[in-house]
């Protein structure tokens, strides 16, 4: 009897072994059939180890979390110690000491950032660990999915592209990186051809794909994702620097819920001197206004965690830096292939994931630096329109809320969005929720900062100085430039009137160029009781941009405790000690709403 039981157990064991091994033999055979020919910069034989690694990882990984799942400290302590000892230009994220000769426009012309400075900084430079201190002690799942890291580029600078790759290789556990896929969007610079292929041949995990024509950022990302082999696809831009232990916190969240899209905190690499620092406000939720400009808003108290280093929900991603389960990405349809070049794709993927059964989080313990260009250095092909992309997203995903966009951008109303039938069918097939659900359940805090229907303005029109008879003017007003006084031009031509001397004292208690329905995105800003009044990005956080229009016609600035003043001789506008009897501190708005002003001044 015992002999029969033993034979029975052996038979069961063999059957179980066959169930485990045979599917993986089939997977290996399928891989061998689909393996592309080796070519310079291509996949070739170098990918075989990654494929074997993927095979083994699929044998041992199921990602059904249970009590047996162990946690691990993924920090590379030795690499962190080495980085701490590095000195030199740009090390520890410090600014490069620029000379006047290095600030010339030629340094920025090809890349939108100072390539001269970039070339003088090490490809392996160290970065400051600016994570919350709690991140140092966080543990993540011992068994994590691996990832294909997709980096699209078009005519990228040599050192900035290579530094992106080096930072990923230096600060990522190698067992978690299935591959790094560089996708060249039809670059024509010589250093991105054979020199790049020769250089990247030194790194077996890196391969290069090339488009046959200019496809744009969106389709180039799609090409990279379609060629990816990892469990997860992680998208980065081509001028980034990954910071310490950036990857495990992202993959951990996906391992726990495969329908979660995760975004690192995006730090700022200065386009001039390459200093590395956090964004203003650091951890904030992604949002948008009703002209479809990306915005960041504070995390509301209801969503704040006891541990500020924990992941938090975000309605909208910033753009090109995120990780997503590869299969889930394709279940969602990837990016809409009808979107051209760049722009609007972050809204499309954000709305789609939330409305169609997934979620999106920002991960404070994962940080990646990004160079925000001084300007876009390349030309967009003729006929390509950001407005068309935004209209396409609005038509497919935003339901009746699209009307709020058209009210602010009436030119969008009759713009063709192309054929959206397939995208609307996809939305139905995925059983996606309504945009009203998104606005009430996910982005419920957005209307507090960017209401679909703007509350009435407190004042608008020209702002005329009583003492000089001159008007505030933005004729020379680029971002960061001082506000000026000029001869008032009301009635001297509608185009000039609309563009230079119309201002709105908004319901946010800031002052912006433009009429109440078409305000611009920069505000009157002052930093001290003697500083000039400058035009700065509106942040809707009051502070330096909070103003009070008092009954004595002064524009009072609570932060500095001073009033807006001016000089007729040099046309300057500046802050000064308040003196209600001074005519140069008295200002007349063309139109005022007394009810709104009274409410402002009560507060």
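Just so you know, glycine gets a Cβ as well, placed from its N, Cα and C.
Mn(2+) binding, as stated in Swiss-Prot, involves 237, 239; the candidate among 75, 370, 414 given for that site is 370. Here the candidates are 170, 593, and Swiss-Prot annotates 593 as N-linked glycosylation site. The feature region 'Flexible loop', as given by Swiss-Prot for the ranges 277-288, 289-300, 373-384, sits at 373-384. Candidate recorded positions: 146, 356, 365, 432, 471. Nearest to residue 373 (substrate binding site) by Cα distance: 365. Taken through DSSP, the domain 'Ricin B-type lectin' (458-590) splits into 13 helix, 48 strand, 72 coil. The most densely surrounded of the binding-site residues 214, 373 is 214 (count of other Cβ atoms within 10 A of its Cβ). Taking the disulfide-bonded residues 356, 365, 471, 563 in turn, the residue surrounded by the fewest other Cβ atoms inside 10 Å of its Cβ turns out to be 356. The topological domain 'Lumenal' (32-603) scores a mean pLDDT of 89 in the predicted structure.
For residue 238 (substrate binding site), the number of other Cβ atoms no farther than 10 Å from its own Cβ, over all displayed protein chains, is 24. Put simply, of the recorded positions 135, 356, 593, the one whose Cα is nearest the Cα of residue 214 (substrate binding site) is 356.
Using CA atoms as reference points, the recorded positions 356, 432, 578, 593 were checked against residue 538 (disulfide bond), and the closest is 593.
In sequence order, 152, 153, 154, 211, 214, 215, 216, 217, 220 make up the list of same-chain residues 6 or more apart from residue 185 (substrate binding site) whose Cβ falls under 8 Å from its Cβ.
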